[in-house]
Amino acid sequence: MEPPVPPQEQPPRPRSHTVTTTSSSFTANLSASSSTLAYDREFLRTVPGVLMVTEIVLGLLVWTLIAGTEYFLYPAFGWVMFVAVFYWVLTVFFLIIYMTMTYTRIPQVPWTMVGLCFNGSAFVLYLIAAIVDASSVTKDLDSHNYNSWAASSFFAFVVTSCYAGNTYFSLISWRSRTLQ
């Protein structure tokens, strides 16, 4: 028997030193524009800015006045709590977006349409919640919580009118954008 023939070793191939990289314009623009965070001080001096701060302050009052009671025993107040907390959190989120001018960094989002849909839905659902809140307040239900529920009902209607005002300004802004 003959010993096996070792396979012939092939000479090593020369390695290529060419490296190809690609970058998208989106990531380049994002990294270039996110180096500084803008702050719009003038937004709080506009009517929509004042309405938004009022929505936050009075919306906080609505849900804290209800949260301090035994609202969980009455489903109607659970609905009011859901609407008040949900729109309070989203309004704080939008205030941060407007104050930091983040909307200028994300031009792919139709911000005027988003604002119109947000304010319109907030107006409708807050109106329903305010009516439910007001119709659920009776001394027969729980006289201990009557004052808190009555106050929350009043402030819910005030917040509703603020969202109605912001819906109006969002509609004007949206119309001016669609006509251009």
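The backbone N, Cα and C atoms fix where each Cβ goes, glycine too.
Just so you know, TrEMBL annotations never went through curation; they're auto-generated.
Some features that TrEMBL has for this protein:
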COMPBIAS  1-13  compositional bias 'Pro residues'
DOMAIN    43-175  domain 'MARVEL'
REGION    1-23  region 'Disordered'
TRANSMEM  43-66  transmembrane segment
TRANSMEM  72-97  transmembrane segment
TRANSMEM  109-129  transmembrane segment
TRANSMEM  149-171  transmembrane segment
Exercise for review: Summarise the model confidence on the domain 'MARVEL' (43-175) as a single mean pLDDT, whole number.
Suggested key: 93
Study note, to complete from the structure: Contact count check, CB pairs under 8 angstroms to the transmembrane segment (149-171), set 43-66, 72-97, 109-129; argmax is 43-66
Check your understanding: What does DSSP give as the helix, strand and coil breakdown of the domain 'MARVEL' (43-175)?
Key -> 114 helix, 0 strand, 19 coil
